[in-house]
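Asks: Attaching a single structure in structure tokens format; questions to follow.
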Amino acid sequence: MEPAEEQDAGNHTLLTEFVLSGLSSRPELQHLLFVTICLAYTMTVIGNLLICMVTMHPTLHMPMYFFLRVLSFLDISTASVVVPKMLVTFLSEDRSISYLGCVTQLYCVVFLAVTEWYLLAAMAYDRYVAVCSPLRYAVIMNARLCLSLVLLSCCSGNVVSVVQTAWVFRLSLCGPRRINYFFCDIPPLIMLSCTDTSRYEKQIISATVLVIFMPFCLILLSYACIIFSIVKMSSAESRHKAFSTCSSHLAVVTLYCASGTLIYLQPKSSNSQDTKKILALIYTTVIPTLNPLVYSLRNKEVKEVLIRVM
């Protein structure tokens, strides 16, 4: 993609960089935010690296742990694409990002978010098979199917990301080069467009429905079947443990779905940019920190292997 042209008082100049406003413009909050986000990022990297290492243990060669390893890798990548640049904006007066850097960051964020969302749907299906068809689990969830589901998630993320990134940077970005956000994302970028974006906004809404709501419905259906099977369990302790696991998984999935939906269903809503920043912070920083705790460290087998390894 060629850098967009910026219109300024009738003159056309090459737009080679953008300026990120950051998470907050209040000077007294910058150091506090830096420490908080840096701590969350450190926890994200350490927690997910531990999961990647532990799930490679010979006793954990099951489809569920393969998916958890991929999820941890995606969480580290998502946080690493966004957080380091955000930390720089807290302490530095230079908040610029190059045109190519902005294109790359947008592509990576969308790719990783969509891939992770489809991976969560695959993980829900894996849990459904494990609970509802335990005797056929090893046959159904074989290595070929697991790898195919991961590759399909990656391919879906790549297609959506290429299309969305190409659409955004084909717009005439002739507004001010300042992006009211802490990373390059679709809603703040189309706010810079001086052309009619109504057609593109409809396309974003359609993509949101296809990318977020369809997998979410599959996840809900999988967990509904799981809960129905749990109810029939004779042991109260087993029911409580299964309900606890399902509820925590669904809580994180719902948080992920809600944050993404609220951001992209109204992409050009200028009166809610601060709200969108908080929602974007949830799925780029908070959820990658929570995933190791929710999906892995509450698992008895993972905790036992982690203790032995450490």
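Positions of Cβ are set from backbone N, Cα and C atoms, glycine also.
Here's the feature list from TrEMBL:
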- 32-54: transmembrane segment (TRANSMEM)
- 47-295: domain 'G-protein coupled receptors family 1 profile' (DOMAIN)
- 66-91: transmembrane segment (TRANSMEM)
- 97-125: transmembrane segment (TRANSMEM)
- 145-169: transmembrane segment (TRANSMEM)
- 204-231: transmembrane segment (TRANSMEM)
- 243-266: transmembrane segment (TRANSMEM)
- 278-297: transmembrane segment (TRANSMEM)
Asks: Counting only pairs 6 or more apart in sequence, are there at least 3 Cβ pairs under 8 Å between the transmembrane segment (32-54) and the transmembrane segment (145-169)?
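Replies: Output no: the transmembrane segment (32-54) is apart from the transmembrane segment (145-169).
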Asks: With the transmembrane segment (243-266) as the reference, which stretch in 97-125, 204-231, 278-297 has the largest tally of C-beta pairs below 8 Å?
Replies: 204-231
Asks: Under an 8 Å Cβ to Cβ limit, what residues of the same chain, 6 or more beyond the ends of the transmembrane segment (204-231), are close to it?
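Replies: Cβ under 8 Å, 6 or more out: 114, 117-118, 120-121, 124-125, 127-128, 131-132, 156, 160, 163-164, 186, 238-239, 242-243, 246, 249-250, 253, 257, 260-261, 264-265, 267.
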Asks: Average the pLDDT scores across the domain 'G-protein coupled receptors family 1 profile' (47-295) and report the rounded value.
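Replies: Looking only at the domain 'G-protein coupled receptors family 1 profile' (47-295), pLDDT averages out to 86.
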